[in-house]
Amino acid sequence: MKVGIIMGGISSEREVSLNSGKSIINYMDKNKYEIVPIVIDKKNDVFEKVKDIDFAFIALHGKFGEDGIIQSVFQTMDIPYSGCSPLTSGICMDKDISKKLLYSANINTAEWICIKSIENIDYDYLEKMGYPVVVKPNSGGSSVATTIIEKSEDIEEAARLAFNYDEEVMIEKYIEGDEITCCILDGTALPILAIKPNKGSFFDYTSKYADGGSEEIVVEFEKPLQSKIEEISLKCWELFKCKGYVRVDMILKDKVPYVLELNTLPGLTKNSLFPKSANGVNISFTELLDKIIQCSM
């Protein structure tokens, strides 16, 4: 089977995507698959470059990767691909819509507002919500242009930074707690990881992708809490109609999990969370890639 590794792209996460793509190429079973590296530099590239492949392994991140657009292209071209449907991808990429769905399903998530311009900032509401808050692009990823703000005077500058990356900006109540993530592969929860950033105060871009940027360890909580985290993660999987593989990021405060977001195309670099979680149940990187392909077909 000829597998195209789709990487690069046009988003701010291009570098991360290229690293994911290289890792996938290095670890994919070359005895089982014919691997075709496909670097996307502009949107039209996809039509020409993917013509002869049997399966698209999407290693893109951000816009034109995780937002459902390239998934729609592959569906139109009758090419099976890794991960979620266009609809699920688009909804999960939009943090505001995702949080509205989480809220409607009684899944804990931090309080938030979403703004479309600087003039939209409701300082009175933010005062009631309470500081600190997190300011970030509504449809961004990899914590690009994400800032923790302690006081109202600094909101505008952080919002302007985030508006460089998206047309909408989310301002979310900052919950101080332990960062955890639950990776789900084909509807099965893998070991939970706890994330301890060594660089920066939260799991930002540097923590995620720099060597030594963070420490991620498999954790097992007491049974009731462990079950609760897994149950919430699987509820998210069902709620958003996920497929293939997804990562559910959370903050744990006073033994209460708050869902931050769902990642429908989790990073697959050597520093990424998904391979580390899979390794916790003795699934090698090569086996993980094979399982992703099989459950996405």
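Heads up, the Cβ atoms here are built off N, Cα and C, so glycines get one too.
DSSP assigns Gly140 (ATP binding site) to coil, not to a helix or a strand. The Cβ of Gly140 (ATP binding site) lies under 8 Å from the Cβ of Ser12, Gly62, Thr146, Ala162, Tyr165, Asp166, each of which sits 6+ residues away along the same chain. Taken from Swiss-Prot, the feature ATP binding site applies to 126-181.
Listed in sequence order, Glu179, Ile180, Thr181, Val259, Leu260, Glu261, Leu262, Asn263 are the same-chain residues six or more apart from Asp249 (Mg(2+) 1 binding site) with CB atoms under 8 A from its CB. Per Swiss-Prot, Mg(2+) 1 binding site is recorded for Asp249, Glu261, and the stated evidence type is sequence analysis.
Feature annotation from Swiss-Prot assigns Mg(2+) 2 binding site to Glu261, Asn263. A simple way to gauge crowding: the CB of Glu261 (Mg(2+) 1 binding site) has 19 other CB atoms within 10 angstroms, across all the protein chains here.
Positions annotated as domain 'ATP-grasp' by Swiss-Prot: 99-294.
Look at Leu126 (ATP binding site): DSSP puts it in a helix. Under the DSSP three-state reduction, Ile175 (ATP binding site) is assigned to coil, being neither helix nor strand. Sparsest Cβ environment among the binding-site residues Leu161, Ile175 (other Cβ atoms counted within 10 Å): Leu161. Candidate binding-site residues: Thr147, Asn263. Fewest other C-beta atoms within 10 angstroms, Thr147.
Compared over the binding-site residues Leu126, Val133, the count of CB atoms lying within 10 A of a residue's CB peaks at Val133.
In the structure as shown, the Cβ atom of Glu168 (ATP binding site) sits within 10 Å of 18 other Cβ atoms.
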